[in-house]
Structure formats: C-alpha cells, structure tokens
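**Q** Let me give you the structure first, and then I'll get to my questions.
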There are 2 protein chains.
Amino acid sequence: MMKKIRLIDTTLRDGMHAVSHQFSTEDVSAVVKALDDAGVDTIEVSHGDGLGGSSFQYGFSKATEEAYLKAAAGAMTNAKLCVLLLPGIGTHKELEMAANAGAKVVRVATHVTEADIGEQHIKIAKSLGMEAIGFLMMSHMVDVDKIVEQAKLFESYGADAVYVTDSAGAMIPTQITERIAAVKKAVSIPVGHHAHDNMGLAIGNSIAAIQAGADIVDGTCRGAGAGAGNAMTEVLVGVLDKMGYATGIDLYKIMDAADDIVMPRLHRPPMITKESLSIGYAGVYGSFLLHALRAADKFNVDARDILIEMGRRKTVGGQEDMIIDVAYELANRK
Amino acid sequence: MMKKIRLIDTTLRDGMHAVSHQFSTEDVSAVVKALDDAGVDTIEVSHGDGLGGSSFQYGFSKATEEAYLKAAAGAMTNAKLCVLLLPGIGTHKELEMAANAGAKVVRVATHVTEADIGEQHIKIAKSLGMEAIGFLMMSHMVDVDKIVEQAKLFESYGADAVYVTDSAGAMIPTQITERIAAVKKAVSIPVGHHAHDNMGLAIGNSIAAIQAGADIVDGTCRGAGAGAGNAMTEVLVGVLDKMGYATGIDLYKIMDAADDIVMPRLHRPPMITKESLSIGYAGVYGSFLLHALRAADKFNVDARDILIEMGRRKTVGGQEDMIIDVAYELANRK
C-alpha cells in the first residue's frame, strides 16, 4: 500500500508574507474553498508571523485574525483549520480565540534551541481539544543531536507531531536526510518538514525528508511565502504522485487552485533573487535583509558580506542591531 | 582537495527559448562578458534548438548564428565558446561555420535512443579540433541499461564527454542517481547532467547527479530556458560552494550577472505553471503543449489528459500529429 503523506498548505500563513499580510477575508474564503475542494487535509491561516503578528513590528494584516479564521472555517467542508503561534508574539488569548473561531490544529513555533518556551502553549492547545504540533525553526543552525533533544522535548509536552523547519532555505538534501532520520528514530510521533526555496531546494529537500521517513510536509500554492517562497503545493502533489505516495489531493484541482485562484492574488510571484539566495547561503533570518541593505549603503560595503558574517556569528531573529556593528567592522577592514 | 565541477552556462542557448530566440548580438555580448568575468568555464550560444534552428518550424532568431557567435567570441577572454547541434536541424556546414566563428566545444544532441545519428558530427567536430560532447535527450524515457548503451556509443565515436539530459524535467533525484552512477561506471569520459525545473527539481537533481559522480552540470542565469526553465547557474554556484565543490565561479559576480544583466533581458521570468508542471509530470516534449491546448479546445477535453496520454504512449518530438488522435479518443471516451 502507498504511504500516505500529510500535506499542510500554508498559502494563507507563510504566503501572507508574499502579500505583506494583505489578503482580504474574501481572498481567504476563495483560497480555502479551492484547497478544500482539491482535498487538502490541513489548511493554515494566520499572520505570516503567527497569531498576534499583526502589529507595527511585523506589519499589520488587512483583517483581524478572528475575521480570517471565521472566513476560513466557513469555507471548508472536510479540511482542518490550522494556525501558527510563536510564543511571545501570540499568547493563550489568541489561541483561545482561534479555537473558538474553528481552528483544530496549532503549530507552536520556537527557535530550534527553545522548545521549552512552547511547553505551555502545547498544553493549552491540548486542553482546548486541538491537535498541537511543535515547529523547530532555523534547524540548520544546530547539529543533529540538538534537534533530536528539542524534538523529544516537544514530544514530552504532549505534541502530536514535530517539525524540522528550514526557515532560511539553508540546507541541502543530505542535511535534511540526517536530521529527519535522527528525529524519526528518536520520537514516536509523526515528523514533518517545512522547506524554503532560497537555494532552489524546497522540492528536493521535501522529497529527501519523505524518503528519510517524514510523515508531513508543507507547501504553498505557487510557492507563495517568505524569502524565495516555499515548496509549491501543486508540485509536491505531482511529484509525490509520480513517486507512488498518496496525498489525497487531486492534482488538476490543486494546479487550478494555484494558477487560477492564488496566483492572481499575489503581488508578484516568488522568485530566487540575489537577495533571497544570499539569505539561504548565509543561513540567516529573511528579516535581516532590509537592515543589511540599509547598513551596506551607509557603510559602503556589500550587503551580502554582512549577511554572510551574520550567518557565521550564528545570529538569530532579534539580533538585528548587530548588523550595524558588522557593517562597521567590514568597512574598517577595507 | 575539493572536486572541481565544470559548469556549462546555457543562458544564451536554452535561455533563447525564454525570449523566443530574440536576444540581440548586444545582449549576447553583454551576457558573455558578465559570465566570462565571473569565471564561467564554458558558455553555450545557439538557437534554442541548436545550430540551424532559426526557421519557420522552430522560430526565427533575431540575428544570424554567425553574428551571435562572433559577438560572443569577441566578448570572452577566458571562457570556451560552445554550440549545440541536433543532427538534422544542424549540419556539418553550420558546424564548420561555428568553428570558424570561434566555437571550441559542440554538444551533439540526439534522442536518448539515437546516439548513432550523432556519430558523423562527433567525428567532424574532432577533425575541426573541437571538444565534442554527446547529449542524450529525454533520458527519462528509457531504462538505465539503454542509457548506458547509448552513452558507450558516444564514447566509441570519440566523444570527450556524455550527458544524461532530462529535457522534460520529468525525473526525481533517485532516477538521476541511478542513471548517472551507471553511466559513470560504464564510460571513462566525464559525465554531465542537464536539468529542467518542470517539477521543481532542477537544483535537487543536479546535486543528486554530482553526488552520483557527475563531472559537469548545466545552468542558466535566473533559470532562463525552455518549459519551467533550467537549473539556475547562480544557485548552483552557491549550493556547490556550500557543499564543498569548486566551480571556479565567483558567487557575487554570477549573482550580479543573473540579476542585473540577464533578468532585465528576459520577457518574463521562468516559472512553474500548471502547463510546465504537466509537461514534467507527463514526461513529454515541451513543444507538445501548444498543440495539446488547441486540440483540447477543439475536442472539449483537458489538455493535461492529452499530455499524460502522450507520455504513456512514449511519444517523441515529431509525433505531434498523434495529439489530435489522442484528443479524439479522449472525447469519445467521455
């Protein structure tokens, strides 16, 4: 029998980045309806930075999270509604709101070394009757043992699944293979992979993850997402079908959803540019880019040198202030 | 020591498809200059369908092949100028012209079962003092033994290298691995891989090829090329660098060449759409697409069903007339 791969579509969450969080509730309804009709199992709808992300710091959404979720819930017949929550940006209040609005699944996302800050939210989600998934971001930054340790933490909190997330699109297939295989061996819950395309490997890495035992992969229609975008849902469906895996998704319907429903709603198609490639090559947060471009201009250095140095120093989201220091040092070295 | 991977950039040959063969000689000069300056070893310049392709059937080029080649040769200092030749479309006359215009390398491209029609051109190329590379197209259509047999034929004719070419972007990494490994074992000349991105696997497959022993891979700047485009040269350089392979190409310079020199010259960026994905999924020639769309319209069937049926019947370029038969049969089945 063909192994069933669960595909979580995050066009309406990670894809929010591609439209600066400006999908309307009508957009959400239309996209959810098309995905649900194509047979997508789980559909994620949230601000790009998760529940509570709509803010001056992360960019305001066009509608309230509650309006988005109600629009989504009202448009689906079979799919499960999913939300993303980064502890600190989102709180238990947003999680309760989401559950009341119809969300059945939450992904609790933490930096790959900080699963412990997700414990409370996993437990709240379970008490609300939701499926709770641990989501380890920037997992290229640590070695395999560390990822295994953090995945086991999520399992110990009661998570129903755990993800190895390549937030910066920084890994090559062999790195995915060893990480997924090690986590799969260490936990007894399903294991997922979330890929970005900064180095053109979103599909290649997703396949490597599945071949290494992953049970869940993420995609977005037309690859809409942060940076160079995500693995394309419609391509994953076609490739997995060719490889003999079942997704439960109709290939023609998901192609039509991507090209006819999602694509016209994107400001611009996601592409690999020198900027997004540099993010993947350097292995840093996408949000560093604008800061690096400004600092490069001010100190007359190459923004790519700044990003690569930030990657070498293993900086993480929140350390944007170091970009100025790095630019200053690079300028002095010249 | 790091293994050196030879990267052949075919922006000005496969990428010609992305601009309907309308690059000007000035475009060719500018792109060659940027590629040469970045350290690209071999630069292919020809009509998208190879020497002699400029015609009513394949589309007319903006300039003559000779003008393109002279512009290219005049703009390079270190790189080798390469041309593509499909026996039948191009003849010994075009090959002699190309050699006189400065071409040092020719890729003789045949269907994966027809290396024998390339024998004469490999030998002519050698007598002209050129490097001659055999290029086995649509290599997803046959099993590994057949590819090995055909690769050995090219080697026996005196070819300096041989390619496993995934013309339709139809293969997954494991298929590439077994094909490249088998050919590598069977011949003593270098082995290359040419990927297309119809299923989002151009980079993933190129990496798989290299890990299986390939010595040469192809790329185009910004992925400009037929169908969903090719492996992106600048991404290959970044990924191979991260993996510890040497390409001799400067990453920043090739990124700049792609984004600042090539991208502004493309009519539209190459993308994976339902059409190009269907080509890869079905494993058929890209040129079938327009015929299939017309037949679908006439017989009120889905063009994708036609393409998939054409793939099942293992049709090859030149069998476009079967598309009407297939459409008629599909309409009658309804």
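In case you wondered, yes, glycine gets a Cβ from its N, Cα and C as well.
TrEMBL feature annotations, pasted as is:
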- A:5-255: domain 'Pyruvate carboxyltransferase' (DOMAIN)
- A:R13: site 'Transition state stabilizer' (SITE)
- A:R13, A:D14, A:S167, A:H194, A:Y285: substrate binding site (BINDING)
- A:D14, A:H194, A:H196: Mn(2+) binding site (BINDING)
- A:H17: active site, proton acceptor (ACT_SITE)
**Q** Using a Cβ cut-off under 8 Å and a sequence separation of 6 or more, which residues in the same chain sit near A:H194 (substrate binding site)?
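**A** Listed in sequence order, they are A:T10, A:F135, A:Y163, A:V164, A:T165, A:D166, A:S167, A:V217, A:D218, A:N230.
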**Q** To test your reading of the Mn(2+) site: which residues beyond A:D14, A:H194, A:H196, same chain only, put their Cβ within 8 Å of the Cβ centroid of those residues?
**A** A:T10, A:T165, A:D166, A:S167, A:G169, A:A195, A:A202, A:D218, A:T220, A:G225, A:A226, A:N230, A:A231
**Q** Whole-number answer please: how many Å between the C-alpha atoms of A:Y285 (substrate binding site) and A:H196 (Mn(2+) binding site)?
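**A** Cα-Cα distance, A:Y285 (substrate binding site) to A:H196 (Mn(2+) binding site): 12 Å.
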**Q** Should A:H196 (Mn(2+) binding site) be counted as helix, strand, or coil on the basis of DSSP?
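**A** Its secondary structure by DSSP: strand.
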**Q** Going by DSSP, give the three-state secondary structure for A:Y285 (substrate binding site).
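**A** In three-state terms, A:Y285 (substrate binding site) counts as coil.
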**Q** Over the domain 'Pyruvate carboxyltransferase' (A:5-255), what does the predicted model average in pLDDT?
**A** 97
**Q** By the count of other Cβ atoms within 10 Å, pick out the sparsest of the recorded positions A:R13, A:D14, A:S167, A:H196, A:Y285.
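**A** Output over recorded positions A:R13, A:D14, A:S167, A:H196, A:Y285: least Cβ neighbours within 10 Å is A:Y285.
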**Q** Measure from the CA atom of A:H196 (Mn(2+) binding site) to the CA atom of A:H17 (active site, proton acceptor) and give the result in Å, rounded to a whole number.
**A** 13
**Q** CB neighbours of A:H17 (active site, proton acceptor) within 10 A?
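**A** Cβ-Cβ neighbours of A:H17 (active site, proton acceptor) within 10 Å number 23.
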**Q** Using the residues the record lists for substrate (A:R13, A:D14, A:S167, A:H194, A:Y285), what whole-number Å value is the largest Cα to Cα distance?
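**A** Result: 17 Å between the two most distant Cα atoms.
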**Q** Write down the Cα-Cα distance for A:D14 (substrate binding site) and A:H196 (Mn(2+) binding site), rounded and given in Å.
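**A** Cα to Cα, A:H196 (Mn(2+) binding site) and A:D14 (substrate binding site) are separated by 10 Å.
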